Ligand code: F6P
């Protein structure tokens, strides 16, 4: 069995744990080979390959990023991209392609699978918005980093009697904002799932500061948007792949709060800090479990599936049922963030 392996889309902590597990499991008891593709789908189209053996994965478990490199690159969006993918996979005699990625990578994986390639997907994204799995690689570490940042901002907010706006990642879903907001004791959490009314937010802050507090923490997901009819006009700034330009909504919210309340207000944009550095044990374990499960699935002859965490179990789910579908924060969790504000 010849296994191909790529990491696509934005990087995150825990990818190397998954790569390591794929290589160990494949080359160990199964005696399979692993061919890595550099920089996601771009490496498959360009035939940029690297054979992966045990020496290549030594000491990578605690290291962030991905030893294979990654890129935001969709083969279908490039002229001759799919033909390039198929030609490389044939030249390398790949029996099964393991794709580690988020929404964009999984969507491309589904299209490649539809062209007849055996594909196994592994979900990763700090946004945790891949449908079908309780957790994606990278999310746990990002929540840890965001929570620590909120804790740190807390003490300086209190010392200076300030409103602190903390912008976290989360393009289409507010998983990081809600979880870090609850864990860090934020007064307000703004998530894409519930468009916000700036008037209500300002009223709440004024009331809180009049009543008892001298500071507030407002956590904003980068994908948060004002409700229709709200007196705050705002257009998201998007990059080439629909990625949000960091700081845009945080800056706006921070400015509106300062202007409408007169409170001393500061903005912290966490940005890519949330995606860097060493993975938490949870992400190392999740990456390891998904890597082993993906190889097992390939060896069982499964195809067009994604590894997924369901409760305590790692299972495989049909890729077609999850690719391109968004997992948003449930109302119960959103409510907890509001109740505790
Ligand atoms: O999809 C993960 C993510 O970190 C999003 O939260 C964010 O909007 C985006 O990637 C940033 O993309 P880039 O690294 O290309 O700026």
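Here the Cβ of each residue, glycine as well, is placed from N, Cα and C on the backbone.
Automatic prediction, not curation, is the source of TrEMBL annotations.
Among 10, 14, 170, the residue that TrEMBL places alongside 72, 73, 102, 103, 104, 105 at the ATP binding site is 10.
Nearest in space to residue 275 (substrate binding site), taking C-alpha to C-alpha distance over the binding-site residues 73, 102, 103, 104, is 102.
Ranking the binding-site residues 10, 73, 102, 103, 104 by the distance of their Cα atoms from the Cα of residue 169 (substrate binding site) places 10 first.
Taking CA atoms as the reference points, residue 102 (ATP binding site) and residue 125 (substrate binding site) are 5 Å apart.
Cβ proximity to the ATP site centre (mean Cβ of 10, 72, 73, 102, 103, 104, 105, cutoff 8 Å) flags the following additional same-chain residues: 8, 9, 40, 74, 101, 108, 241. The average pLDDT computed over the domain 'Phosphofructokinase' (2-297) stands at 96. Separating the Cα atoms of residue 103 (ATP binding site) and residue 127 (substrate binding site) is a whole-number distance of 10 Å.
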